[in-house]
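K.L.:
According to TrEMBL, the transmembrane segment annotation covers A:12-32, A:44-65, A:77-97, A:117-135, A:147-164, A:184-204, A:216-242, A:269-290, A:302-321, A:327-353.
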Amino acid sequence: MIEKSRISSFQMAIMMYPTILATAILLVPSITGKFAERDMWLSPILASSIGFLNVFLAVQLNKLYPKMTLIEYSEKIIGLIPGKILGFAYLFFYLQTNGIVFREYGEFVVGNFLSKTPMIVVIGSMALVCAFSVRGGAEVIARSAQIFVPLVVILLLFIFILLVPDLEPKNMFPIMDKGIMPSFMGSVVPASWFSEYTLIAFLLPFLHDRGKGLKWGFISVFTVMITMVVTNMSALFLFGSITDSFTYPVMSAARYIDVADFLQHLESIVMAIWVAGTFVKISVFYYALVLGTAQWLNMSDYRTLVLPLGFLLVIFSLWTAPNLIEMVHYLTTTWVFNALTMQVAIPILLLILGKIRRKRGTKVGSTRND
Amino acid sequence: MLKRSWRKSEKGRKMQKTEYEKKEQDSLSNSFNNNVQNLRDIYKNCSDVVFRPFFIAGKGKAILVYIEGLANTEEIDDNVLSPLMQESTEYDDIKTLLKKRIAVSNVKELATFSDCVDQISIGNPVILIDGRATGFSLDLSKWEQRSVEEPSAEQVIRGPREGFIETLQVNSSMLRRKIRSPEFKMQAMEVGRYTKTKVIIAYMDGIVNKTLLEEVNNRLKRIDIDGVLESGIIEEFIEDNPYSPFPQLLTTERPDVAAANLLEGRVVIMVDGTPFVMIAPTTLYSFFQSNEDYYSRFLIASLIRWLRYFLVVMSLLLPSLYVAVLTFHQEMLPTTLIISVAASREQVPFPALVEALIMEITFEALREAGLRLPKQVGSAVSIVGALVIGESAVQAGIISAPMVIVVSFTGIASFTIPRYSAAIAIRMLRFPMIFLAGTLGLLGIMLGIITIIVHLCTLRSFGVPYLSPMAPMNASGMKDVLIRAPWWSLRTRPHFTGGYNRYRQPPDQKPGPKKGKEK
């Protein structure tokens, strides 16, 4: 097998946590707020159903083809040529998505902190660091996630606790004033974030305790949902109906912190630790892309692909959109359909076809990988 | 290319063999004169080798060969020469004679010249006897050695005060005195073509992981080098990642540290001629733990451990944080503080990055000078450092006072790291961090930290992940990393022993007034 190291399902869960959340806590509260307004805290709960569905799909597909990733079993399920085409579509999708993640990161850092630093330096330095971890393989990304995720969680808790004096819980009432529709509309964009759980299709084959994959996948989705609910709630309690006028509500909330005139202006520290979460997110996407490409090309080692694909990712991040406004627009419109098609609809189809194939007893896939 | 030229020179060397190489594999012959002549040829121009011919019981020709200063001449005179040379001794068979007359505990029979040379070189006198194709070595070596002292690099307040010395036998006996069980094993091997340094692999049978032991053995056997003068030379040959700034073997001068690690299932590698033993595998955390943590009460030990972790982070990051805040994030400081810092920096012509580099390099220079100089001059260095660099540089307006504070605190913080090898690694990484802080601010620092952590995640020490038990996570291991849990609750050995012989002790040993009454 192309990846020799093994990870545990707990490690997979901990890797996926920042993979969804790192960028979700930046732009998503504001986008959700635009649609759901007072009910924005409900939207992540609805959206998480997509996450649960995705974990379920990936685990079921993995049960059919235990040692294969998405790229490999799509060839088995729909045949070599269509499978290669679908594989390419997936790789391109991840190339573009990761480009977007890079761009979100770059826009955030340049827009808020290093306004005079060229975007390419900010993105390029991150790409180098991520390339270093992707070269180490899934194991190394998982271990670094184990170090950084507790830091990110502590950071979020820290922000919320210090914000408590400024919170106004009344802002959430009346609940579901206009019915379920606004919160449902608001859940569409977070749902496209949750659909990124399809990435576990690239990690499941390397679990050494695959039986616990489903359980830990669900726990991971659940914790992400809780975190998003808490984030949206605190943004709502703090800003009320004007939440959607901030681009980065959580960051703006961190600026409000002022304890004893000493703990103030903490946004730089918040940014620094948030970067660690983004690092995990980019690394996981980057890893899926590199591993998938190597499998798509039937290569025996993926390490040679790391730097060329990293270069391509940096270029894609700059091509993605001319500016932040257009990117946010893209993320709330086209990308939702793109993401949900690639990450929800196609896996459902693959699962159905795979089940049919298995029932018919055509042993194309099953003989070779048991 | 390099390989080829090495082979060539090897060939050239082979053409003119030394006298010893020619005769090394030969066995001793029946001809006494021949044997003696060969040995004399081998030890030609070795003025310290003594050849002492004598007659056993006034009849049989024999010769005693030993190295001056390595052999115990008094004992040789009393226990070997005088009983053998007595005219009254009945001389029939030398073997019975040895049994009857020679009061030496360890006697070995030798068949080849290389055996003889090995014995002579470790100080054991060798007897060759007329008419026999074997020689005998007598275990009568004695040489000057340093007495056991408290190691200066690892001081403790509570804990044993003895340290290893340069002599391997003394070191292994110190360990044996701590662990008396016969399950404590010590395998010996030789490394170094010329120095023939004895290396001992010590482990606890039944606790150590067999594959680990095999791996250590294989890595040591692979070494082919002319000489081993310090354990550091071996360390560089058996590391997992030679390019990493982090040490992958723990070195210690203390027998109690070595014994504790043996009981945790690690392997201890002892090398003759150095007071430092190496311990494998190691994790990052063991470099930040002092043996005293385990002897003082656990609450204090845990607190001190946290303090130490904090200081480790400070010694890596403090100068770069200062540079980043001054260059990019002034708003992070409270207003009064930033005003006073800005006021003190008014006179300083350099940007914070340059200032930090100047001070850090000066500090490193002072430290290095203080280490290498004779002790009497060392104090002069600290006076010059404190007065000239501390006081005058600030007064002259070259360096700001806060920078002096930052650098000195960093220095103090780095002195709190119990293991010197880890402290050096962090000292080294401080400089790239300062550069990153000067160019990208806090983001740069974070990227640096991520790189370091990713590197640490890839690192292994003899197959054990360097960051375990933190990543991969292992809950019972965290008891000895996040805190120092009390001894009665530290039930499990570290994870890498392979789950086999996991428990150190039975549960429910928490003391309390009721427990005493049970008995």
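Backbone N, Cα and C define each Cβ position, glycine as well.
Note that TrEMBL annotation is computational and uncurated.
On a predicted model such as this, the values are computed, not experimentally measured, just so you know.
I'd like these features described in context: how deep, what's nearby, how far apart.
P.N.:
Note on the transmembrane segment (A:77-97): residues 70-71, 196, 285, 288-289, 292-293, 295-296, 309, 312-313, 316, 320, 338-339, 342, 346, 350, 353-354, 357, 365 of its chain, located 6 or more positions outside it, place their CB under 8 angstroms from a CB of the stretch.
Long-range contacts of the transmembrane segment (A:117-135) within the same chain, counting only residues at least 6 positions beyond its ends with a Cβ under 8 Å from a Cβ of the stretch, are 102-103, 105-107, 109-110, 141, 144, 275, 278-279, 282-283, 286-287, 290, 303, 306-307, 310-311, 313-314, 317-318.
Residues 14, 17-18, 21-22, 25, 227, 230-231, 234, 238, 250, 253-254, 256-257, 259, 263, 266, 269-270, 273-274, 276-277, 279-280 of the same chain sit 6 or more residues outside the transmembrane segment (A:147-164) yet have a Cβ under 8 Å from a Cβ within it.
Away from its own ends, the transmembrane segment (A:327-353) comes close to residues 27, 31, 50, 53-54, 57-58, 60-61, 64, 70, 73-74, 77-78, 86, 89-90, 93, 97, 100, 103-104, 107, 188-189, 191-192, 195-198, 201, 247, 320-321 of its chain (Cβ-Cβ under 8 Å, at least six residues beyond either end).
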K.L.:
Which one, A:12-32, A:44-65, A:184-204, A:269-290, A:302-321, has the most C-beta pairs under 8 Å toward the transmembrane segment (A:216-242)?
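P.N.:
Stretch with maximum Cβ contacts: A:12-32.
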K.L.:
Can you say which of A:12-32, A:44-65, A:184-204 has the most Cβ pairs under 8 Å with the transmembrane segment (A:269-290)?
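P.N.:
Stretch with maximum Cβ contacts: A:12-32.
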K.L.:
Which of A:12-32, A:184-204, A:302-321 shares the most C-beta pairs under 8 angstroms with the transmembrane segment (A:44-65)?
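P.N.:
Selected stretch: A:184-204, with the most Cβ pairs under 8 Å.
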K.L.:
Would you mind listing the long-range same-chain contacts of the transmembrane segment (A:12-32), meaning Cβ under 8 Å and 6+ residues beyond its ends?
P.N.:
40, 43-44, 51, 101, 104-105, 108, 141-142, 145-146, 148-149, 152, 156, 186-187, 189-190, 193-194, 196-197, 199-200, 203-204, 207, 213, 216-217, 219-220, 223-224, 227-228, 231-232, 235, 243-251, 274, 276-278, 280-281, 284-285, 328, 331-332
